[in-house]
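TrEMBL annotations:
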- 1-16: signal peptide (SIGNAL)
- 11-109: domain 'Fanconi anemia core complex-associated protein 24 pseudonuclease' (DOMAIN)
- 138-187: domain 'DisA/LigA helix-hairpin-helix motif' (DOMAIN)
Amino acid sequence: LLSLFMFFHFCVKILFENELGVADFHLPNKMCILYVFECDIIAGNGYKRKLVRYRNASSSFQELVLVERTRLSEQYFSAVQKFVVFDLGLSLLPVSGQTEASQLITQIVNGEGRENPFRQRTSSWLLDSMSVALVHQLPGVGRVKALTLMQNFPSIQEIYSASTAELEPIVGQASAQQIHSFFHADHTAGT
């Protein structure tokens, strides 16, 4: 975290606190951040305990997880992403390293007066380009099917939890099987 603090020194005011709990950062806009290092991902499942403690720490802060996605950690990233987003229900942003993470955190802090883009919305899923692009990455899903899925399932968690029979009337048999297989295939090899 030293390089993160070195960058912050010039951009934002830093207060050091011994009582942060599991979170690595508490931002002034009611957001807390946990940073998962490349070495933790490669070393094994130890980071999972920290993530579970982070999620379970009852907090009025919006929780965000930054994960180092590098050439070395790339093979483990899909399993980490699935665990953080689907199993724990946390927001995840991949970063290439501590420099990018510090720039992102600085942008969040400097954008304090603006709406928090990571705050969970109570209304139905927004049909923005990022959400469409994310669902569009599922196998067998084009732009039209992505929009249709988003209209029928209010979250990715619901798409993940849906059975093939529930997906089939919306995207067809072949796509339903591909989506279900994508989410439920064994992605734990190598972790």
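For all residues, glycine too, the Cβ spot is worked out from N, Cα and C.
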Query - For the domain 'Fanconi anemia core complex-associated protein 24 pseudonuclease' (11-109), the number of residues DSSP places in helix, strand and coil - result: 44 helix, 21 strand, 34 coil
Report summary line: Residue counts for the domain 'DisA/LigA helix-hairpin-helix motif' (138-187) under DSSP, helix then strand then coil, are 36 helix, 0 strand, 14 coil
